Amino acid sequence: MIPRTPKAKLDILRLLAQGGFHSGEEIGKTLGISRAAVSKHIKGIHEWGVEIFSLQGKGYQLAEPMTLLDAERIASDTHAPVMLHPVIDSTNQYLLNQVDSLESGTTCIAEYQSQGRGRRGRQWVSPFGANLYLSMYWRLEAGMAAAMGLSLVVGVAVVEALESLGVADVKLKWPNDLYYQDKKLAGILVELSGQAGGAAHLVIGMGMNIAMSEQIPGIDQPWVSLKQVIEEHENHPLRLTQGDVDRNQLCVAFINAWQTALRDYEEQGMHGFVERWNRIDNFLNRPIKLIMGQREISGISRGINEQGAVLIETEQGVEAHIGGEISLRGL
Ligand code: ATP
Ligand code: BTN
C-alpha cells in the first residue's frame, strides 16, 4: 500500500537535501504553509528516522548529507521499468499485490518503508533516505522448485556488482545475507506470490544499509553501513561531493546485475554459481551451527552444492541442508 503522498514532508526533505540551514520561515514561504506546520512536518520527518539539527535563529539542517533517489536516472541506465515510491509499507508487498499486471523485471524502490520485513515476518529497519530498499518482480519459468537457487544467485550478483564498483571484502551468509567483517550489511528476501501454468511469480527484495545512523533502534545483531565499508578510500568512486554514497549508481548496478544473473540462472541453473558463491562465502571452512526449529547442528561450513543447499561437515561426514526454516550462525 502506498500511503497518501506526504508531499509537504518530501518537499521539505528536498529543500534540506540541498545542504546548509533552512529557516522555518523560508521553508514555510517556499511551501506556502505556516511555521507551525513546518515544525509539525519536521517532527514527522524525524519519525521516519531522519536526524535533523534545529538551531535557534538558523533553522533546520540534515545531520547527514542526503542525495535523494532519482527514478528517471535509474530507469534511463537500466532496462527495467522502475517505480519510485518514496514512502511505502514494503516494496516487496507492493509488487506482490500486483504480479498479474507486471512485466518480469519490474523494479520498485523506496526511500522509507513503514513495514519493511525480513525472513519469517521479522522487521527490517528502514529509515528514510539512509539505505536502499529495492524489489524486483521475476517470473521464473522453471517454477517454484528453482526458487531456492535463485535466491542465492541474486546475492552473488550483488557482491560481484559491489566488487566491480571498487568495494572489496563483502561476503555472503547462506541463504541470502551480505556481510562485511562479520556484520550484516544487507539482507535479501525472496517471496513467492503463486504459480500459474508452471511459472513461479517471485518478488526479490533487498535492503542494504548505506549510511544508517548508529543510534537507530530495533536491530538485535551486529550490522554495518556501506559508508563505513568505503571509509578508508578517500576518493572512492561511490562517494558524492557532499560525502554521501551514490545510491542511484548502486541501484543501477544492482538492477542490471540481478537481471543478468537471473537470465543466466534460467539458462544454466546453478552451474557456475556454486564456485562463484563459495569464493565469497563468509563462513567457508569456519565453525558454524545450523538452527532448524528446536534442532541444532554444529560443524564446519563447506559452502553450497548445485541444489543450493548449505553443506556442513560433522563427525558423520558432509551433510546438505536446505529449506526456508534454517538459520546459520557463526560459532
Ligand atoms: P536468518 O535469516 O539466518 O534467520 P537473521 O537474524 O539475519 O537470520 P533475517 O530475518 O534474515 O534474520 O533478518 C531480520 C533481522 O535482521 C532482524 O531480526 C534484525 O535483527 C536484523 N535487521 C533488521 N533491520 C536491519 C537492518 N537495516 N540492517 C541490519 N540488520 C537488520
Ligand atoms: C533479511 O535479511 O531477512 C531480508 C531483509 C529484506 C529487506 C528488504 S528491503 C526491500 C524489501 N522489502 C521488504 O519489506 N523487505 C525487503
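Residue numbering: from 1, along the chain as shown.
Glycine is no exception: its Cβ is also placed from the backbone N, Cα and C atoms.
Residues 24-43 are the range that TrEMBL records as DNA-binding region, among 24-43, 224-243, 284-303.
Within the set of binding-site residues Thr91, Asn92, Gln113, Arg117, no residue has a CB atom less than 6 Å from any atom of ligand 1. Taking Asn92, Arg119, Lys184 as the candidate binding-site residues, the subset whose CB lies under 6 angstroms from any atom of ligand 2 consists of Asn92, Arg119. The Cβ of Gly118 (biotin binding site) has 15 other Cβ atoms within 10 Å, all protein chains considered.
According to DSSP, Ser90 (biotin binding site) is assigned to coil rather than to any helix or strand. For Asn92 (biotin binding site), the same-chain residues 6+ apart in sequence whose C-beta sits under 8 angstroms from its C-beta are Arg117, Ser135, Leu189, Glu191, Val203, Gly205. Residues in the DNA-binding region (24-43) partition by DSSP class (helix H, G, I; strand E, B; coil) as 17 helix, 0 strand, 3 coil. In this structure the residues listed as binding biotin are Ser90, Thr91, Asn92, Gln113, Arg117, Gly118, Arg119, Lys184; their two most distant Cα atoms lie 20 Å apart.
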